[in-house]
Amino acid sequence: MSSSTPEGGGSGTGTGRPRSPSPAAPDYAPRPAPGTFDEFIAQVDATADAGGSVIVDADLYEEIFARIPVGVGARDAFIASLKRPAAPPQADEACPVCLQSLVSIETEEEYALASEHYFGDTDALGLRALPCPAQHVVCARCAREWLTRNNSCPMCRAVVDPDAPAAPGGTATVIERQRHSEQMLALFQGLFGPRREPPAPRDDSGRESYAGMYS
């Protein structure tokens, strides 16, 4: 009498044949591309709430940004005329958009301008003071990226360019502008902000032997 090995390993009688192992599940589930900016933000929020991360193609970012109505930001001439802050930044201050240290941004500018091999855009270096009541400071790169899409301070939401043209298709309410700015700020911080690595798991197994080296 012949015997066969059933599924799951052990020996015994049976007529079933071992099945091929199922393919491994993908590390992430691809989602359809969002059709609007609001859909994109909703996907980002839902994934973040679930503790996951979002992988987005660079071309998709450009396509999404292209759907944002033209004219909601400040004028190019206004952005180019922004002045540097009069006072040096404090050690604990950060750009409200990219969350980078203002001191490190100034240091980066000093090194770039002192280097003979820097061929980048000097207008994207350093800090800029916004003409809001509190004179909030952002980095030059974020000033350009943010203000081309939002005519407001990312900190206090005050309008910064009163001569900017209104967005086509009617005027947005204050609540709509506030919601749009908050969505954009969250997106910019996710795109340009520093990566936060999760803390490494604590391992105390080797503490005794490590301490014994100095006893």
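Quick reminder: no glycine exception, Cβ is built from N, Cα and C everywhere.
Sequence annotations record features per position, and here TrEMBL assigns region 'Disordered' to 1-34 (among others).
TrEMBL lists 20-33 with the feature compositional bias 'Pro residues'.
Helix first, then strand, then coil: DSSP counts for the domain 'RING-type' (95-157) stand at 24 helix, 8 strand, 31 coil. Look at TrEMBL and you will find 95-157 tagged as domain 'RING-type'.
Annotation comment: TrEMBL describes 191-215 (among others) as region 'Disordered'.
TrEMBL lists 194-207 with the feature compositional bias 'Basic and acidic residues'.
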Taken over the domain 'RING-type' (95-157), the model's mean pLDDT: 89
